[in-house]
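A.B. asks: Annotations per Swiss-Prot:
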BINDING   R29, Q30, A31, G32, R33, D79, Y156, T211, H329  substrate binding site
SITE      D79  site 'Transition state stabilizer'
Amino acid sequence: MTAPALKNDRYLRALAKQPVDRTPVWMMRQAGRYLPEYKEVRGQAGDFMSLCRNTELACEVTMQPLRRFDLDAAILFSDILTIPDAMGLGLYFEAGEGPKFKDPVRSMAAIKNLAVPDMEDELGYVMDAVRAIRRELNGSVPLIGFSGSPWTLATYMVEGGSTKNFSKVKQLMFADPEAMHTLLNVLAESVTQYLNAQIAAGAQSVMIFDTWGGVLSPRDYKAFSLAYMEKIVAGLTREADGRKVPVTLFTKNGGQWLEAMAASGADALGVDWTTDLSDARARVGGQVALQGNMDPSVLYAKPARIEEEVQSILQSYGSGTGHVFNLGHGIHPEVDPEHAAAFIEAIHKYSPAFHSND
């Protein structure tokens, strides 16, 4: 079956640093708890992973923000912990405490028992969702697939859930670096296969979320996080539907490492609000596109203040292509959807002036 032609390719064009008429925008966690319609579907599903595993419902929540807002991309509704879950670690969610694993891995013996999951068997529900979303989108906007980075997945797998001080994962990293590298290798192979399976199923762009890379020292970041993302980028399918499949790397609090990240082979880097976009562009704008970078907490402000922040970020990046507007991290559940609408409308209103010479 031939895929329908893409009606809006603004997002893919910006990632390729090709001319655009306005700055494309999507929001991390755009399908989520801030939307009343999401809460309704989430209630039907029962629990979060049941929602991820239900093709029809995962497709529905992916589409919800696109019906409400004029966005330039859809992102697969899923979770970064699907891979460790498929490895049999017993993922569960505890109210108010986030994800937890019944069987964390903290020794070489436990790590050696891990296998790369079968992408069309244990993770087939993700690929089914990608295919369903592509059908539903019908060429309206591109679909982004994603995964957590090996380091970020490892933090959850070793800690057994969320953590504030990363003591267990850092203990493994320093006390038994060989075990840590063994774990990161199996995760890098898993993520490569996982993203390639998403691309084969129809994802037109992919993103690697390195949520916890920013807790490492520069030396450890390069050895335990970036090296494995580079490995993934090198192993990805880079063309589908007759066009390039761009890859974006995002390390939260990773602004100091943009040069090293830009040398990874990625097409774009996500930037959070702790880095100035003009600074990021001066440093790596010649090599990669940039995505970001409004603090999601600005969405608590009145629409006039949101509009002011959007203008400030557009001015910071400056004129020309190569910028995808986004938040610097996921949208907060308490945000008023009308404030998200004001954010998107402000980008539509003010960004064309920055592209008059594209």
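Using the three backbone atoms N, Cα and C, a Cβ is placed for every residue, glycine included.
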A.B. asks: Return only the integer: C-alpha distance in Å from A31 (substrate binding site) to D79 (site 'Transition state stabilizer').
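C.D. replies: Between the Cα atoms of A31 (substrate binding site) and D79 (site 'Transition state stabilizer'), the distance comes to 12 Å.
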A.B. asks: Near H329 (substrate binding site), which residues of its chain come within a Cβ-Cβ distance under 8 Å, counting only those 6 or more away in sequence?
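C.D. replies: In sequence order, the residues whose Cβ lies under 8 Å from that of H329 (substrate binding site) (at least 6 apart) are M28, K252, D272, P296.
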A.B. asks: Please report how many Å separate the Cα atom of R33 (substrate binding site) from that of D79 (site 'Transition state stabilizer'), as a whole number.
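C.D. replies: That separation, Cα to Cα, works out to 14 Å.
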A.B. asks: Going by a 10 angstroms cut-off between Cβ atoms, which of the binding-site residues A31, R33, Y156 has the sparsest surroundings?
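C.D. replies: So among A31, R33, Y156, the binding-site residues given, the one with the fewest Cβ atoms within 10 Å is R33.
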A.B. asks: Determine, to the nearest whole angstrom, how far the Cα atom of R29 (substrate binding site) is from the Cα atom of D79 (site 'Transition state stabilizer').
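C.D. replies: For R29 (substrate binding site) versus D79 (site 'Transition state stabilizer'), the Cα atoms are 10 Å apart.
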A.B. asks: So for D79 (site 'Transition state stabilizer'), how many other CB atoms are inside 10 Å of its CB?
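C.D. replies: I count 17 other Cβ atoms within 10 Å of it.
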A.B. asks: According to DSSP, collapsed to three classes, what secondary structure does Y156 (substrate binding site) have?
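C.D. replies: DSSP assigns Y156 (substrate binding site) to helix.
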A.B. asks: Measuring Cα to Cα, how far is Y156 (substrate binding site) from D79 (site 'Transition state stabilizer') in Å?
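C.D. replies: Distance between the two Cα atoms comes out at 13 Å.
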A.B. asks: Can you tell me the three-state DSSP label for A31 (substrate binding site)?
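C.D. replies: Its secondary structure by DSSP: coil.
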A.B. asks: Just how spread out is the substrate site if you go by the largest Cα to Cα distance in Å among R29, Q30, A31, G32, R33, D79, Y156, T211, H329?
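C.D. replies: Roughly 23 Å, rounded to the nearest whole number.
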A.B. asks: Test of understanding: give the count of other CB atoms lying within 10 angstroms of the CB of R29 (substrate binding site).
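C.D. replies: Other Cβ atoms found within 10 Å: 18.
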